[in-house]
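**Student:** According to TrEMBL:
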type	residues	note
TRANSMEM	30-50	transmembrane segment
TRANSMEM	56-78	transmembrane segment
TRANSMEM	90-113	transmembrane segment
TRANSMEM	119-139	transmembrane segment
TRANSMEM	146-162	transmembrane segment
DOMAIN	221-291	domain 'PAS'
DOMAIN	358-583	domain 'Histidine kinase'
DOMAIN	606-722	domain 'Response regulatory'
MOD_RES	D657	4-aspartylphosphate
Amino acid sequence: MSQSATISPSISKAQLLCLEQLRLLHKPSLLIAASTLVAGTLMVASQWDIASHSTLLLWVTTLFCAAALRLGIYFSFSRTDRQLQQQRKWKAMTVAATWLVGSIWGWLGYFHFPADDPLHLVTMMLILIGLAAGSITTLSPLRSASLPFILLLLTPVTYHLFTLPATSLHFISFLLIFYLCFLIGSALQNYQTHKDNISLRIESSEREKAVRASEKELQLSEEKFRTLTEHGSDIVATINRDGVISFSSRSAERILGYPQQTLIGQSLFELVHEDDRPGLTHAMTEMFANPGNSIPAAFRIRHCLGRWLDIESIGRTTGDHGQETLILNARDVTAHKELELQLHQSQKMEAIGTLVGGIAHNFNNNLAAMTGNIYLARLSSQDNSNTLKRLDSLDLLASRSADMIKQLLAFARQDRLSMKPLRLNRLLNHDIALTANLIQESIELRLDICTDEIMIRGDASQIQQALINLLINARDAVATIENPEILCSLQRYQADHAFHHRHPEIKGEQFARLSVQDNGCGIPGDALGKIFEPFYTTKDVDKGTGLGLAMVYGAIQAHGGVIDVTSSPHAGTTIDMYLPIIQEQEGRNEEAGHIAPSIHHGAGETILLVDDDTTVLHSTREVLLSLGFRVITAEHGIAALEQFEQQPESIRLLLTDIVMPKMGGIALAQAIRQRNNHLPVIFATGYDRKEALDAEAAISHSSVLSKPFSISRLSQAIHDSLLSAGQEKG
């Protein structure tokens, strides 16, 4: 099939068949023209002596013109690019020219038959029979051309012989009839052979075209698959029934770190976490049992650096029975899992914060009332040293209780930290001495504290509580082993590349490394990632709450630090806490600004005191009276506003709780400030860091005291507020 015979949906098979027949018919056109020229010349030469010269010349001229016409049709057909569209025209022209040539030869056999000259008769018969025999080969592709040509060529001479009186000529006529029938049969057979061959070539061309289209489609599909597997974010792998990898995409090398070729031939199960292998085996069994169905599977796989990645995959099998291949599409969801864990952790912390905040509010109110009453009791017991000692003990207990609540609030991120310069060397020595009674004498507690002064900015109670929690954990870890040891150390640490790689969020270079190390039972590998979660514990139910390490984590994070944990079962645990160091001069300057406040007394100034807790209200009122102030009390904002409107000129300061029924402290302060823009305001809060920040933002030139507050801090705040208000008026 030639290029122009390409099949399109709008071309029928019959049209292609006809076009190919025309091409085969025109293919020997030059040979036919040459044969016609030679045969015509021989015919004229053989009859030149017995026939009219003018008649012969007219005949041969007509023959040559007809042959030239057919040859011209051939050249025109060969050069046109519209063979298919104009095939009917070309077929009609070719058949007509063929008929014309056959008619001219038949005319010669009828009108110029030399019946009386045997030599010329034999010559003419041989030429005509030869032309008829040759037409079977040259004209048989088109039945409408070959059969009429043979009939037009031999029928006139056969009929002419039959009409002559000679019996021998009648015999020749019968032979010609038989020969004519033979030629027609041969022509029909050749025609059918050509037709079948052409049909086969057309079908073969169609199949070749379909194969080429399929190959092109396959090539495009392979290119798409290659693009998806080489540049996609997911891992694509093919696996047999035994779990052996036969193909892996380039993304597998990028995600897992293994060279692509090393994965091929390796068992997938060797890379999967041993705890996840049974689940993956079950999933693969389901995949092979249900070919064509997509079945999900989740497992952990080992990175080349040793860490475990969380993988979610979906797989389906392809291929014949016994030769199935599993195509696995896998995605690294480690980061997504970590985000889910952080969200879950945040939700738990939020719930804990809500619970702790509610408890802290009531507890701090009670402590505030207790602190005030202790102060009042101390005033009335100046001559009784024993009573003063007991009151000092109560004051210390109240202070420790306040620190405990502060720890809980900091853990739940509901409190503002009191960040001050801390000398860790002194703090650590002091705390170890205080907590020594927590460690049994059978446990060797060693200290390794550097001699250089290390100073950080932090909350002392937070650092103390973190250290106590770690020492208690270490004590419990070594309780059942021989020769138990705990090492507590403090050293300067210069951050290196490995440190910043582990903690990319940390930008500093100089750190204090506070470490607690034990030689106890250690922490299992699967528990290392959970030890800082609230309520997670590996201890017995009656020996641990699961809050200790969570509080340590929260405290160190609040100080801008990080924690590293190194542990393995039966090999002990080391917990390193890294805290940013501040320069000593900077710390000294800040220390100079934190002078312990003294108690300031009033000069009869009137204070509007507002609190919905009557115990706090009464004890604070008595304290303020003892300090020399006049006090007006109210249990909620609306009552306080009424009190203010009755005597706006005499009230010099507003001391109010923030959260109260009917009207809160912030709304009350805003209402009073509309009437007296310079009235100083002090907010007292039981717990909520957000409400304290909101109060400071909503009311200018205000201050916030956290309950329970010491009498010295209360008097200092009142003194500063009154002094500031007086300066503004002046």
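Every residue number used here counts from 1 along the chain in the order it is shown.
Quick reminder: no glycine exception, Cβ is built from N, Cα and C everywhere.
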**Student:** So if I exclude everything within five residues of the ends of the transmembrane segment (90-113), which remaining residues of that chain have a CB under 8 angstroms from its CBs? That is, six or more out.
**Tutor:** 18, 22, 25-26, 36, 43, 47, 51, 55-56, 59, 62-63, 66-67, 69-70, 73, 77, 83, 121, 124, 128, 131, 139, 142, 144-145, 148-157, 159-161
**Student:** Give the residue counts of the domain 'PAS' (221-291) per reduced DSSP state, in the order helix, strand, coil.
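**Tutor:** Counts, helix then strand then coil: 39 helix, 12 strand, 20 coil.
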**Student:** Same-chain residues six or more away whose CB lies under 8 A from the CB of D657 (4-aspartylphosphate)?
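**Tutor:** Result: V610, D611, D612, D613, V616, G665, F683, A684, T685, G686.
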**Student:** With a Cβ cut-off under 8 Å, give me the same-chain residues at least six positions beyond the ends of the transmembrane segment (56-78) that come close to it.
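**Tutor:** For the transmembrane segment (56-78), the list is 22, 26, 29-30, 32-33, 36-37, 40-41, 43-44, 47-48, 90, 93-94, 97-98, 100-101, 104-105, 107-108, 112.
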**Student:** Using DSSP, break the domain 'Response regulatory' (606-722) down into helix, strand and coil residues and give each count.
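**Tutor:** Computed counts for the domain 'Response regulatory' (606-722) are 56 helix, 27 strand, 34 coil.
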